[in-house]
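**Student:** From TrEMBL, here are the annotated features:
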- 23-78: domain 'Potassium channel inwardly rectifying transmembrane' (DOMAIN)
- 87-126: domain 'Potassium channel inwardly rectifying transmembrane' (DOMAIN)
- 133-295: domain 'Inward rectifier potassium channel C-terminal' (DOMAIN)
- 50-72: transmembrane segment (TRANSMEM)
- 96-121: transmembrane segment (TRANSMEM)
């Protein structure tokens, strides 16, 4: 049995850096994980470490083979090269040196390929691209523009890059619920997928201008049954992900953000920010209005009234949306 608690609730996903919570007690798995996935782990290193590995790889290779050549000279008593008036070369008098030279050439080609590929992969990573995706700092719950009787969770998202467009961009939304078990330990109970228009294809968005991601709060929604008061006491976190493909490189990236209950404003909607310029007759996006919200006015019409239910919103005919969302 779980008890829900809102005290000192912290985020699983940070807004600014898109980082997830640190995993504890994994030190014994670091070496094993590095051996299996070392290339992708090194790519995550900073440029300072990458350049240090690039230069250090060649220096270690040269020093290692130089020591091996020196050992061969000392053990066999033969010189490594024969010097004449026109050229120098390795003779067949020392077959060990010939084998070592072939090994050095093969190792050099392999090392150069790996280190060069590492630098190129680091350059092509779309890490900076995801930082140009902007999410609203607040989510709102208000009436849908298409149906004023339907309470809807709305989150605004925009691509701040004007030249590099995204292909196949789509969003997903999850609710992560936390609770305290009978031992007094705080833990994740479950994670539910929240529909943002999968059936109609509204989860695939074209970020040529700022978009509002919508989740209808119906009977299938994890938010169904919440009121303004119970939402503030909720023990959950909404996690949103946006994935896309950078057209220039074909690389896939993912941007993330999250919202705690106190970051969800009840009874509001986002103010319009893509407006027509009457002089140029073109639509313009006013990013100064990106975070602006306004009270949701209008009427809600429903066919049924459900009262005293733990899993439903109580709505009355002809009442204002502010009353319904209050």
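From the backbone N, Cα and C atoms, a Cβ is placed for every residue, glycine too.
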**Student:** Taking every residue in the domain 'Inward rectifier potassium channel C-terminal' (133-295), what is their average pLDDT?
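**Tutor:** PLDDT averaged over the stretch: 88.
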**Student:** What does DSSP give as the helix, strand and coil breakdown of the domain 'Potassium channel inwardly rectifying transmembrane' (87-126)?
**Tutor:** 30 helix, 2 strand, 8 coil
